[in-house]
Each structure stands twice: as C-alpha cells, then as structure tokens.
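Structure first, commentary second.
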Amino acid sequence: MAELLRSLRDSQLVARFQRRCGLFPAREASGEEHVVKNYFYYYLFRFSAALGQEVFYITFLPFTHWNIDPNLSRRLVVIWVLVMYIGQVAKDILKWPRPSFPPVVRLEKRIIAEYGMPSTHAMAATAISFTLLISTMDRYQYPFILGLMMAVVFSTLVCLSRLYTGMHTVLDILGGVLITAVLIALTYPAWTLIDSLDSASPLFPVCVIVVPFLLCYNYPVSDYYSPTRADTTTIVAAGAGVTLGFWINHFFQLVSKPTPSLPVIQNIPPLTTDMLVLGLTKFMVGIMLILLVRQLVQKLSLQVLFSWFKVVTRNKEARRRLEIEVPYKFVTYTSVGICATTFVPMLHRFLGLL
C-alpha cells in the first residue's frame, strides 16, 4: 500500500500524462515555457480547468438561483462551502507539495504557492456535480443515467485538467474525490435541514456571521503567504451571505411567491427563445449589481481597516495581514451573498423580470 501511495504521488506520473496529451517542456534557448503539440487536449483541459475555478462558480451558482431553483442553489452553495473549507484547511495542515518542476510543466502561476493535497478543484467539481444530481433526481423528471453520465464527465474533466496543468498529483485528485464522497454521504441525511434554514430563530444570523468569521480568522498558519486563506474566506463569506439572505427573505417576507421545498416532481420546461432572453437578462442585471456592491463594499471596508490600523492606503502588502485580509474579504463577500439572494431578486421584481 505504501508503495502504491508513493507511486501515485510521483511527479513523473503527471509528466507522462502531459506528454501523452501533447504538452512538453520547452528548451531553455527557445525562451518559451512549454510546447503544445496537441491543441485539442490543450483547449479541452484549459476549459475544464476553468470549470473548477472562481469564474465558473460566480456565474453558475447565481444563474441557478435566479433562473432555475433558489432552494437548489442554496443546497449547492452550502455543500460547496463545506467541502472547500475542509479541503483548504487540509492543504495547510498536510503541507504536501505540488508536483515538482521539472519534469512537470506548470500552466498556472497564481496558486503555485499553495500546497497540493487534496485537490480542491476535484473536491468542488465532484461536490457540485453529484449534489446537483442527487438533489434533482427526485425533483425533476429526466433520465437518471443521463444525469449520472454528465456528473461523471464534468468531474472527470476537471480532475484530469489538474494533471494536465501540472497542479496536482494523481493522489491529490483521488484524495479530493474520496473526501468529497465521504462528506456527501455524511451530510446527506441533513440536507432537508439545509432547506429549512430560512425559518430558523432570530438568533440564527448571529451564528451565521460569527461562526464562519471565527473559522476564517483562526485558519491554520502557513509557513509563507499563499492565497489559500483569502480564497477560503471568500468562499465561506459568500456562503454565509447566501444563507443569511435566505433568512432575511423569510423573516421579512420579501419573497412574494415562496418556492416549494425539495423534493417536488416537476417536468423540465422546454427551452424557448423568450426563456433564454429572460434568463440572460436577469443574469446580466444581477451580475452588474453584484459587481457594484462588491466594489463599493470592498473599497469602504479597506478604507475603514486601513484607517483603524493606521496603514498606508496603497500598501498592497498590508492587505495580506490577518487582521485586514480576513475582515475585508469576509465583509465584502458576505455582502455579495446577501445581495445575490435578497437585493437582486427585489430588483428583478421591480423591473418586471419575475
């Protein structure tokens, strides 16, 4: 078993996969970082890698909430936040390095400073795809085999993209998938509780804010700075904001037509041009408001924190300090989550888009 685990952590295994897919290191004299000999795999896995990054989740999850099913989006967000927090913390506790360069070709630079085990891209992709499958199979009428195939293909492409980009070993990916499978199995009995969070007691908002903030503020200390803590705070804060937004809607009765709780069997309506235009309009309106709120709250929170701690405003290194980074990220993305679930639907209603 130990020999098998060592072989799965071997960087040469990742390098061989890259070579099979047409990705090679460039010669030093060429001035290039890598050579691509198969652009089909290059674009396939670069696109697949994007499916596990922030740009996908800040588009897919809001789109699901505004156009498909708010209850489904809440469940997806809660599970996503849970697996991502555990995965990010596990990275900084285990401190396993990423595949070595050389022989591996690295296509991503931003997260090189992070540790590798487990792959949070693999965890997020597996969590989103299979939570979506499990949550919809008793709510919408569609061929289960088709849904299962789509979930497997989605998560597999994201996992393979982490090998292609040189960011993870095979063991990192298998570990991420296994951890996610265990978390889904353990939390599944409590999924109905997630659906009733909006009817919790008036003290619920305090817990939703205080507990996630403390989890982020007491994040494991790394040997050197990496974006892991900031990314984790962003994810956890967004989840707290979404959960709080649902509670606000219920407590203040801001939802004019309550959505039925899961599960309710429904037919998937056919996609028409009018539905597509309406959905894209709601999405664009919502995203613009979210970006506006994000920009305003981030700027205001940074100004307050810089003033409080007497820090030079344009000092980029100051943003990385624990007492500044966590509060400003948390306030910003909690506001984004509340905006997405409360103010955007109100704007949609005002504009006649509901």
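Here the Cβ of each residue, glycine as well, is placed from N, Cα and C on the backbone.
Now, the feature entries from Swiss-Prot:
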type     : residues : note
ACT_SITE : HIS121   : active site, proton donor
ACT_SITE : HIS168   : active site, nucleophile
REGION   : 91-99    : region 'Phosphatase sequence motif I'
REGION   : 118-121  : region 'Phosphatase sequence motif II'
REGION   : 161-172  : region 'Phosphatase sequence motif III'
SITE     : ASP172   : site 'Stabilizes the active site histidine for nucleophilic attack'
TRANSMEM : 43-63    : transmembrane segment
TRANSMEM : 76-96    : transmembrane segment
TRANSMEM : 115-135  : transmembrane segment
TRANSMEM : 140-160  : transmembrane segment
TRANSMEM : 173-193  : transmembrane segment
TRANSMEM : 202-222  : transmembrane segment
TRANSMEM : 235-255  : transmembrane segment
TRANSMEM : 273-293  : transmembrane segment
TRANSMEM : 334-354  : transmembrane segment
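Sequence-remote contacts of a segment are chain residues at least 6 beyond its ends whose Cβ falls under 8 Å from one of its Cβ atoms, and for the region 'Phosphatase sequence motif II' (118-121) they are 49, 52-53, 83-84, 87-88, 90-91, 158-159, 161-162, 167-168, 172-173, 175-176, 179.
A sphere of 10 angstroms centred on the C-beta of ASP172 (site 'Stabilizes the active site histidine for nucleophilic attack') encloses 29 other C-beta atoms. The average pLDDT for the region 'Phosphatase sequence motif III' (161-172) in the predicted structure is 90. Per-stretch counts of Cβ pairs under 8 Å to the transmembrane segment (334-354) identify 235-255 as the leading one among 76-96, 115-135, 173-193, 235-255, 273-293. Sequence-distant neighbours of the transmembrane segment (43-63) (same chain, 6+ residues past either end, Cβ-Cβ under 8 Å): 21, 73, 76-77, 80, 107-108, 121-122, 124-125, 128, 154, 157-158, 160-162, 164-165, 231, 234, 279, 283, 286-287, 290, 340, 344. The number of other CB atoms found within 10 A of the CB of the residue listed as 'active site, proton donor', across every protein chain shown, is 27. Long-range contacts of the transmembrane segment (202-222) within its own chain (CB-CB distance under 8 A, at least 6 residues past either end) are made by residues 85, 89, 92-93, 228-229, 232-233, 236-237, 239-240, 243-244, 247-248, 251, 322, 326, 329-330, 334. Tertiary neighbourhood of the transmembrane segment (273-293): same-chain residues 59, 62-63, 66-67, 335-336, 339-340, 343-344, 347-348, 351, 353, selected by CB-CB distance under 8 Å and a gap of 6+ residues from either end.
DSSP places the residues of the region 'Phosphatase sequence motif I' (91-99) in helix, strand and coil in these numbers: 4 helix, 0 strand, 5 coil. Remote same-chain partners of the region 'Phosphatase sequence motif III' (161-172), defined as residues 6 or more beyond its termini with a Cβ less than 8 Å from a stretch Cβ, comprise 5, 8-11, 13-14, 17-18, 21, 23, 41, 45-46, 48-49, 51-52, 96, 98-99, 101, 104-108, 111, 116-119, 121-122.
When the alpha carbons of HIS168 (active site, nucleophile) and HIS121 (active site, proton donor) are compared, the span between them is 10 angstrom.
Separating the Cα atoms of HIS121 (active site, proton donor) and ASP172 (site 'Stabilizes the active site histidine for nucleophilic attack') is a whole-number distance of 10 Å.
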